[in-house]
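What TrEMBL says about this protein:
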- 9-235: domain 'Radical SAM core' (DOMAIN)
- Arg18, Arg69, Thr100, Lys161, Arg269, Thr270, Arg271: GTP binding site (BINDING)
- Cys25, Cys29, Cys32: [4Fe-4S] cluster 1 binding site (BINDING)
- Tyr31, Gly73, Ser124, Met195: S-adenosyl-L-methionine binding site (BINDING)
- Cys264, Cys267, Cys281: [4Fe-4S] cluster 2 binding site (BINDING)
Amino acid sequence: MPNVPLLDRFGRVATDLRVSLTDRCNLRCTYCMPAEGLAWMPQPQQLTDDEVIRLVRIAVEWLGVTEVRFTGGEPLIRRGLVGIVAAAAALAPRPKLSVTTNGIGLDRTAVALRDAGLDRVNVSLDTLDPARFHQLTLRDRHADVLSGLRAAAAAGLTPVKINTVLMRGVNDDEAPALLRFALDNGYQLRFIEQMPLDAQHQWDRHEMVTAEEILAALEPFGLQPDDVSRGTAPAETWLVPGYQDAAGEPARVGVIASVTRPFCGDCDRTRLTADGQVRNCLFSTTESDLRKLLRDGAPDSKIAEAWRVAMWGKLAGHGIDDPKFLQPARPMSAIGG
Ligand code: SAM
């Protein structure tokens, strides 16, 4: 079959697919969704496991996708996750496979996921303090996240990366402690600037903890510039002198400065929501419906073409700084973070 990549008008090629497997989550991170949760996607609207697998196959075989990251919502609560990973791992050429998770339940599933073909995990952890964890997520699951991290490392789902969002006045004093924790345990920490993607629409640029502030807080570590090219990776990385990661490589810390230092010009992502909509950007206000094509019996070629058209329309940048910026209707949890 013709393998024609996902090109856009600015010459970018999308090879990294983020697949949301559910919009539901077992945490209520205050910067993401309200305490009462959201109006969840009705089951019939959600892609079945077979539909997800078909779209991932089309992405790999027809569109040149080389990396697939499963996310959500919380992907570990999707019952078919292990089977979906196994099917993706059986594709040729085999894509790199990872999961972004809050880590709850990973202690029970890490080995099965590895055996199915998962390469890596990103685990979200915003605090080392169980009481703060409760304040931030409204759930008492801190110990579960820590045991999920340990299980992922033990299963070889490495490098285990930790994603951290700092919130002013809540956990913004924890950057050094979180980095030390990551270094001591062989995890790779990445701080993510808070983005205007919360369901509550309470994001405030002036309240956001910036990359500059994070780097200032990490000054005692004497971070050094990282010579390794960043390529299309969202994180800018720094070397942490005196530390090595689990593989014996120099330890690194990353900052994903999506707001203050956008990297849209290098973006190589394409996104699929749990209900089969392609999004060409996290911040896109439009989507392209692949589920309808699937359920109407369209052949692979037609679905692949619709996906290419969706990506061709990708804008040059997310436009957060544009006075006309409009937050997308779907929150992060429903897009897939
Ligand atoms: N439930 C999984 C998890 O916790 O990793 C996957 C989905 S979650 C939406 C993915 C990542 O997005 C998490 O690291 C979370 O902290 C982050 N996140 C959620 N809302 C965000 C926001 N408004 N700005 C920046 N990051 C956000």
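Using N, Cα and C of the backbone, Cβ positions are placed for all residues, glycine too.
Keep in mind the model is a prediction, meaning the values are calculated, not measured.
In sequence order, Arg12, Pro262, Phe263, Arg269, Asn280, Leu282, Phe283, Lys314, Leu315, Gly317, His318 are the same-chain residues whose CB sits within 8 A of the CB centroid of Cys264, Cys267, Cys281, the residues recorded for [4Fe-4S] cluster 2 being left out.
Regional average pLDDT for the domain 'Radical SAM core' (9-235) in the model is 96. A Cβ distance below 6 Å to any atom of ligand 1 is met, among the binding-site residues Arg69, Thr100, Ser124, Thr270, Arg271, Cys281, by Thr100, Ser124. DSSP gives Thr270 (GTP binding site) a strand state.
Overall, the recorded GTP-binding residues Arg18, Arg69, Thr100, Lys161, Arg269, Thr270, Arg271 cover a maximum inter-Cα distance of 21 Å. The Cα atom of Lys161 (GTP binding site) lies nearest to that of Ser124, taking the binding-site residues Gly73, Ser124, Met195 as the candidates. You'll find the Cα of Ser124 (S-adenosyl-L-methionine binding site) roughly 8 Å from the Cα of Thr100 (GTP binding site). Report note: the [4Fe-4S] cluster 1 site is defined by Cys25, Cys29, Cys32, and the residues of the same chain whose CB lies within 8 Å of the CB centroid of those residues, excluding them, are Leu27, Arg28, Tyr31, Met33, Asn102, Thr137, Met332, Ser333. A simple Cβ count within 10 Å picks out one of the binding-site residues Thr100, Ser124, Thr270 as the most packed, and that one is Thr270. For Met195 (S-adenosyl-L-methionine binding site), the same-chain residues that are 6 or more apart in sequence and have a Cβ closer than 8 Å to its Cβ are Trp203, Ser258, Val259, Leu282, Ile320, Met332.
Counted within 10 Å of its Cβ, the other Cβ atoms near Arg69 (GTP binding site) come to 23, all protein chains included. A separation of roughly 12 Å, to the nearest angstrom, links the Cα atoms of Cys267 ([4Fe-4S] cluster 2 binding site) and Arg18 (GTP binding site). Put simply, Cys29 ([4Fe-4S] cluster 1 binding site) is 22 Å from Arg271 (GTP binding site) when counted between their Cα atoms.
Proximity note: of the listed binding-site residues (Arg18, Cys25, Cys29, Cys281), Cys25 have a CA within 10 Å of the CA of Gly73 (S-adenosyl-L-methionine binding site), given in sequence order. Each of the binding-site residues Arg18, Lys161, Arg269, Arg271 was ranked by the number of other C-beta atoms within 10 Å, and first place falls to Arg271.
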